[in-house]
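Here is the structure we will look at, set down as structure tokens.
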């Protein structure tokens, strides 16, 4: 393990100390920082973002992380590659079941899950807020998607956003068998 790997472990531990959604929250935050939509951050943006989140890296660690994910020598790091590396690693069995659950939800096969995709696999009719008249079934479906969606809450969930969410859940479960059983039951796979 080199210095950057050690730094990523340190960052990952700091994220996971925030709970199962720690990685997801960091991913949302950094995607929001990417104001120009370039899917990259420079050292200053990364440092400011980490500081705002209360995640601490020294200058050498920050520079090492940026060098590792600066794919084109532009002085910026590839945001998605960085976030993928930040996620706690999942075994092949865990990755496969997360991908299978996403594929089940993505009924249109276009790589994103929308409210329309959910209608066939998730019913909000029995949700307490629908039964009380407080929400519509559409609102329940949107709220459900928002659990996985990025900070933009655009009503579309990508596989990366779905993985961000489940990487945090995965980190809290000791065995592949336990995680796979939970996913299989939750998504009726």
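One-based numbering along the chain as shown.
Note: Cβ is positioned from N, Cα and C throughout, glycine not excepted.
Look at Swiss-Prot and you will find 34, 36, 38, 40, 45 tagged as Ca(2+) 1 binding site, backed by sequence analysis. Under the heading Ca(2+) 3 binding site, Swiss-Prot lists 106, 108, 110, 117, citing sequence analysis as support. Residues or ranges marked as domain 'EF-hand 1' in Swiss-Prot (evidence: sequence analysis): 21-56. Positions annotated as domain 'EF-hand 2' by Swiss-Prot: 57-92. Sequence annotations record features per position, and here Swiss-Prot assigns domain 'EF-hand 3' to 93-128. For 136-172, the entry in Swiss-Prot reads domain 'EF-hand 4'. Marked as phosphoserine by Swiss-Prot: 40.
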- Task: Specify all same-chain residues, apart from the site residues 34, 36, 38, 40, 45, whose Cβ lies within 8 angstroms of the center of the Cβ atoms of the Ca(2+) 1 site, ordered by sequence.
- Result: 33, 35, 37, 39, 41, 42, 76, 79
- Query: Which of 21-56, 57-92, 93-128 shares the most C-beta pairs under 8 angstroms with the domain 'EF-hand 4' (136-172)?
  - Reply: 93-128
- Note on the structure: residue 38 (Ca(2+) 1 binding site) to residue 106 (Ca(2+) 3 binding site), Cα to Cα, whole Å, comes out at 26
- Of 34, 36, 45, 106 (the binding-site residues), the residue whose Cβ has the fewest other Cβ atoms within 10 Å: 36
- Message: Let's see if you can do this one: DSSP helix, strand and coil counts over the domain 'EF-hand 4' (136-172), in that order.
- Response: 23 helix, 2 strand, 12 coil
- Item | Environment of 106, 108, 110, 117, the listed Ca(2+) 3 site - residues of the same chain whose CB lies within 8 A of the CB centroid | 105, 107, 109, 111, 112, 113, 114, 116
- Message: Please report, as numbers and ranges, the same-chain residues at least 6 past the borders of the domain 'EF-hand 2' (57-92) whose CB is under 8 Å from any CB of it.
- Response: 3-4, 7-8, 10-12, 15-16, 23, 26-27, 30-31, 34, 38-43, 46-47, 50, 98, 160, 163-164, 166-168, 170-171, 176
- Item | Integer average pLDDT (0 to 100) for the domain 'EF-hand 2' (57-92) | 83
